[in-house]
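Presented below is the structure to which this report refers.
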Amino acid sequence: MAFLKLTEQNVRGKTVLIRADMNVPFKGGKISDDTRIRASLASVKYCLDNGASVIVMTHLGRPTEGEFHPEDDVAPVAAHLGGLLGKDVKVLNDWRENKPALNAGDVVMLQNVRINKGEKKNDLELGKAYAALCDVFVNDAFGTAHRAQASTEAVAQAAPVACAGVLMAGELDALGKALKQPARPMVAIVAGSKVSTKLTILESLADKVDQLIVGGGIANTFLLAEGKAIGKSLAEHDLVEESKKIMAKMAAKGGSVPLPTDVVVAKAFAADAEAVVKDIADVAEDEMILDIGPKSAAALAELLKAAGTVVWNGPVGVFEFDQFAGGTKALAEAIAQSKAFSIAGGGDTLAAIAKFGVTEQIGYISTGGGAFLEFLEGKELPAVAALEKTRRVNGLI
């Protein structure tokens, strides 16, 4: 991937428009988690430290285009950002009619981009209106990179200079390192409730990795493909043949899809359900598999410790219930102890990493849910493609 980076730009005396992802959750009318705001601080501070004025734009919630309601207002986000920066961050509601006059060191925020008509349809005129505000456009919203919208793609095409922010560049560099030029052996963990939601990821990674670990309902479907009885466990019988093809593809290249030989089962999916460890051959008809067993976890942990690159998407058990968390904990700790370059993404994965206290030991934690998954699938991310295109158009590569 070839794109300009904010940290390569001379922004002194310029106005920089940063598309951030500050779509934070609220509880009781207050921001309950400011992780996404903090994630883009590096880009904002780079601009301020180098003599620029900054305009931040973000989406918040899912408003109806052309309509404004109090819950759509980014004012609380602007106030929180201002608190972190030690500055007053004003919200601009009429920025199309009144272009802001800014001085170096100023920071302002546009009103919620998703109330603008044409935002979701990637309207070029709206993109031009955004671009007219700035000398340099910065996309720092990896979480929305898989969407072609006016504030991510059209603006990049219209801006004098379009580049990746510190967060965006970090995401793309880490993903590129993990998937484009991985240290071997490369191991991927893909887990979740359904093969159908991650089939394209499994197929794409099967071409790249040396070992493909599956977990959750996905593993159950693969166990069915191996002819194993899984009781009343969650599985997709109609995708057994697809699972067989993926296992055959891995075997043909000398790799494998290592499936559990022992599992943790229960008769009900509940926080107080009794957990029983069994060999896979002993799973009864009235039992469901809710985690991998200790022998399987130990074997997979050895694979991870010996890996050169690890890509992790999804917990291998119902880790929210402590009695079914052992497998995911063992793998998390193995990744933390491994010398491999590791990258992890997806909401449940991040929750597991936090629960087991290994955040600092993971090489890179992706902030993008859908964008992370689509990158794993090998899909083009529209917002990233726009940055690459503008670099080519400007004759820079």
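The backbone N, Cα and C atoms fix where each Cβ goes, glycine too.
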Field: Residue in GLU171, GLU226, GLU320 which Swiss-Prot records at the ATP site where LYS198, GLY346, GLY347, ASP348, THR349 also bind
entry: GLU320
- request: Write down the one residue from ARG12, ARG36 that Swiss-Prot lists together with ASP21, MET22, ASN23, HIS59, LEU60, GLY61, ARG62, ARG114, ARG147 as binding substrate.
  value: ARG36
Field: Pairwise CA distance, GLU320 (ATP binding site) versus ARG114 (substrate binding site), rounded so that it is a whole Å
entry: 34
Field: binding-site residues (GLY346, GLY347), the one with most neighbouring Cβ atoms at 10 Å
entry: GLY346
Field: Alpha-carbon distance [ASN23 (substrate binding site); GLY347 (ATP binding site)] in Å
entry: 15
Query: Nearest to ARG114 (substrate binding site) in three-dimensional space, by Cα, is which of the binding-site residues LYS198, GLY346, ASP348, THR349?
result: GLY346
Task: Which residue among the binding-site residues ASN23, THR349 has the fewest other Cβ atoms within 10 Å of its Cβ, if you could check?
output: ASN23
Statement: Around the Cβ of GLY61 (substrate binding site), other Cβ atoms found within 10 Å total 16
THR349 (ATP binding site) to ASP21 (substrate binding site) - Cα separation in whole Å: 20
